[in-house]
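Have a look at the structure below, then the notes.
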Amino acid sequence: MKFFGLFLAILASTAADVVIDGACPDMKAVSKFDMNAYQGTWYEIKKFPVANEANGDCGSVEYTPDNGLLKVRAGHVEDDIEKFVVGVLTKNAGTSDAELTLSVVVGDYVRVAPLWIVSTDYDNYAIGYSCKDYKKSNQHRVNIWILSRTKTLNESSKSTVNKFLKEHSKEFDQSKFVETDFSEKACFFKKSHVYTVPFGA
């Protein structure tokens, strides 16, 4: 489901997700995060695999400001159909950092989960991060997304992203990344509809 998988992945998990021994790593979100500067369209360049994925590609998300929060519309293309979810992205109370909460409507369900932005320049790239601890098994599930304002990262942004990933190589195994297809064929769709099937627990 590509970028659409971002919204499903952080809300549900099965064996295909990246699950690692130990607790979630101690990551730092972007300080003094500017919600208004983050608005607009982002394209998913690559990410860790998502268990909820089907055969979707051409993933993107649009953030629209609304009274201090960001409305969300995230979609992907699958079998010539654009499938999308809607929701809101809000800052957590008591912090100016990019420690965010994502709420997504799926059918009659509203799913809520953390989503941190751990690096961005607002104009070219962003790195989204989510982690869930499984205390009983002493493991954690990690999701990370490399995002761009365009369907390809420019060289400067690519260098910045690669530096971040190198600095966090213990937390993020780069061999786990899968890339998004933005070819004309992958992005072609005849109709669109909202995702309504419940998922997760």
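Every residue, even glycine, has its Cβ placed from backbone N, Cα and C.
Candidates considered were CYS24, CYS58; the recorded disulfide partner of CYS187 in Swiss-Prot is CYS58. Checking each of the disulfide-bonded residues CYS24, CYS58, CYS131, CYS187 against ASN154 (N-linked glycosylation site) by C-alpha distance, the shortest gap belongs to CYS58. Put plainly, the disulfide-bonded residues CYS24, CYS58, CYS131 were compared by Cβ crowding within 10 Å, and the winner is CYS58. Of the listed recorded positions, namely ASN154, CYS187, the sparsest Cβ surroundings within 10 Å are found at ASN154.
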